[in-house]
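**Student:** This is the structure I have questions about; it appears just below.
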Amino acid sequence: MMRTLITTHPLLLLLLLQQLLQPVQLQEVDTDFDSPDDEMEELEEYLEEFQSRGPTRPPTKENVERRVIIEPGMPLYDRDYCNEEIKRKNVYHKYRCVTEHYFLLMQYDELQKICYNRFVPCKNGVRKCNRSKGLVEGVYCNLTEALEIPGCEYKSFYRTGYVLITCAWQNEIHKLIPHTINDLVEPPKHRSFLNEDGVFVIPP
């Protein structure tokens, strides 16, 4: 019986063993697959990234779309938006909660084009980011409780602002692709200007 299980369902057995041996349980996975092969490949990729002790893997289009781009469904003003979506999209770093995260209501192609916009200072003032030319709707998630999963709790903030992102060169496709969302900067309610560094300056 055991030999049959090992030879016919090695991946299933591996997943069961991982569940038993890991001190932290993985997020529940939806088993209502539209495309079993694609979903299983995504699960294997997630497990590899989740349990890796090495450096974070370089970003991919699929990874950015899954973790950042908003899908139709829950209202952006919902106070539990971040708690629900971060769990559903498995937005974690190794076994730890991310301290902040952004979900954006835009197409991936639009986000990628921002990589070729002018540089502006990131919100930490150290690195350089690319800024969107227009306003984008999104949700900012800020960690309020716990540091390790599954106890992550977030406060959700709906925003409409300019997206600041960092990008990385991907050799396989010879293009810049989004790497991280640095900020979603809301413009002042009254008249303002952008100086040459892309920073908002309030006129006297």
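Cβ from N, Cα, C; glycine included.
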**Student:** Which of these links to CYS167 by a disulfide bond in Swiss-Prot: CYS115, CYS122, CYS129?
**Tutor:** CYS115
**Student:** Tell me which of CYS97, CYS122 Swiss-Prot records as disulfide-bonded to CYS152.
**Tutor:** CYS97
**Student:** Can you tell which of CYS129, CYS141 Swiss-Prot lists as bonded to CYS122 through a disulfide?
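**Tutor:** In Swiss-Prot, CYS122 forms its disulfide bond with CYS129.
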**Student:** Check the Cα distances from CYS115 (disulfide bond) to each of the recorded positions CYS122, CYS129, ASN142, CYS152 and keep only the ones within 10 Å.
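**Tutor:** So the list is CYS129.
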**Student:** Calculate the distance in Å between the alpha carbons (Cα) of ASN142 (N-linked glycosylation site) and ASN130 (N-linked glycosylation site), and round it to a whole number.
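**Tutor:** Cα-Cα distance, ASN142 (N-linked glycosylation site) to ASN130 (N-linked glycosylation site): 22 Å.
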**Student:** Could you check the glycosylation sites ASN130, ASN142 and say which one's CB has the most other CB atoms within 10 Å?
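**Tutor:** Max Cβ neighbours within 10 Å, all protein chains included: ASN130.
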**Student:** Who sits close to CYS152 (disulfide bond): which same-chain residues at least 6 apart have their Cβ under 8 Å from its Cβ?
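**Tutor:** Within the chain, CYS152 (disulfide bond) has Cβ neighbours under 8 Å at ASN83, ILE86, LYS87, TYR92, CYS97, VAL98, LEU143, GLU145, ALA146.
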**Student:** Name the residue among the disulfide-bonded residues CYS122, CYS129 whose Cβ has the smallest number of other Cβ atoms within 10 Å.
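**Tutor:** Per-residue Cβ counts within 10 Å for the disulfide-bonded residues CYS122, CYS129 bottom out at CYS122.
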**Student:** For CYS167 (disulfide bond), find which of the recorded positions CYS122, CYS129, ASN130 come within 10 Å, Cα to Cα.
**Tutor:** CYS129, ASN130
